[in-house]
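According to TrEMBL, the protein carries these features:
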- 38-298: domain 'G-protein coupled receptors family 1 profile' (DOMAIN)
- 20-47: transmembrane segment (TRANSMEM)
- 59-79: transmembrane segment (TRANSMEM)
- 99-124: transmembrane segment (TRANSMEM)
- 136-158: transmembrane segment (TRANSMEM)
- 187-211: transmembrane segment (TRANSMEM)
- 246-266: transmembrane segment (TRANSMEM)
- 278-301: transmembrane segment (TRANSMEM)
């Protein structure tokens, strides 16, 4: 890379590479559209599908709503800054948009933490599940996540602990030091990222140990011949293994989150002078992509979610057909003799109704001729 590119920062580098600038704007808009559609469908699917609607799905809806807010309120302005190189919008947006972005990142990770804790209590301490997860406590947890994530940013929004301002090196509005040299970035990193990650890792360590012991007991049970005395215990083991399948999906969500936000953390730490702006651009795109990954993970890793998505997507186009079949079957039931079994196939039912209708017409012709 040339010396000029090593020192000018992100904004001048984009001006020198208009094709990259337009490609970045296109990718941002594409991610925004996928995220809006995917997260809206996720919320709709959970609300319309009782089989996947449980306590964990409450936090998944909250996570989907946070990602949807990110796509609607943050990504359009980031696409605009790529196209215009600078924040040409009102100066107030240079405070509001990063406020929403940082708060959204924190609340998303906290919701993932809440889902992980839910899985941990379900598998490791199942006897406490009904005590901990009551409606009032679930609502309180969601509100607490919002207060922690956005409440810590209010001093920065008021320019009392760092401030939101445009940073030409980063090419975006971000948290910068105030006139006293103070910034809330370190505190946000610890409370909003490191601590939740530690909690998640500890929960998954406990889940893994319990599941591994359950698998060992199941193997010993299958090797032995006496199965009746431990039938209840085996049901508990199978339930834990079944919950582990859902837990793996939550683990994939957490790993995708870390994968998306780790590049920007590494880039800002190792390259504060933005000597390699291309790496910073990749890190930005990875952050934006985090808003559309979760619905894809739900579909790939969970069979129940796949069925729920298919049922919702097929509802509109198949609604008329599903309404016609019962009508034809009711007609065939009335026309069939009592001793004949009704065929379940759609085509057979229609042909059977048609043959009976033709026979009735022939009888009417004979009666009229007579």
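Even glycines carry a Cβ here, placed using N, Cα and C.
For the transmembrane segment (99-124), the partner stretch with the most Cβ pairs below 8 Å, chosen from 20-47, 59-79, 136-158, 187-211, 246-266, is 187-211. In the predicted structure, the domain 'G-protein coupled receptors family 1 profile' (38-298) carries a mean pLDDT of 85.
Within its own chain, the transmembrane segment (278-301) is flanked in space by residues 10, 13, 20, 24, 27-28, 31-32, 34-35, 38-39, 41-42, 60, 63-64, 67, 70-71, 75, 78, 105, 108, 170-172, 248-249, 252-253, 256-257, 259-261, 263-264, 266-267, 271, 309, which lie at least six positions past its ends and keep a Cβ under 8 Å from the stretch. Sequence-distant contacts of the transmembrane segment (246-266) (same chain, six or more residues past either end, CB-CB distance under 8 Å): 56, 63, 105, 108-109, 112, 115-116, 119, 123, 189, 193, 197, 200, 204, 207, 279-280, 282-284, 286-287, 289-290, 293-294, 297-298, 301-302. Beyond the transmembrane segment (136-158), the same-chain residues lying 6 or more positions past its ends with a Cβ under 8 Å from any Cβ of the stretch are 55, 58-59, 62, 95, 99, 102-107, 110-111, 114, 164, 175, 184, 187-188, 191-192.
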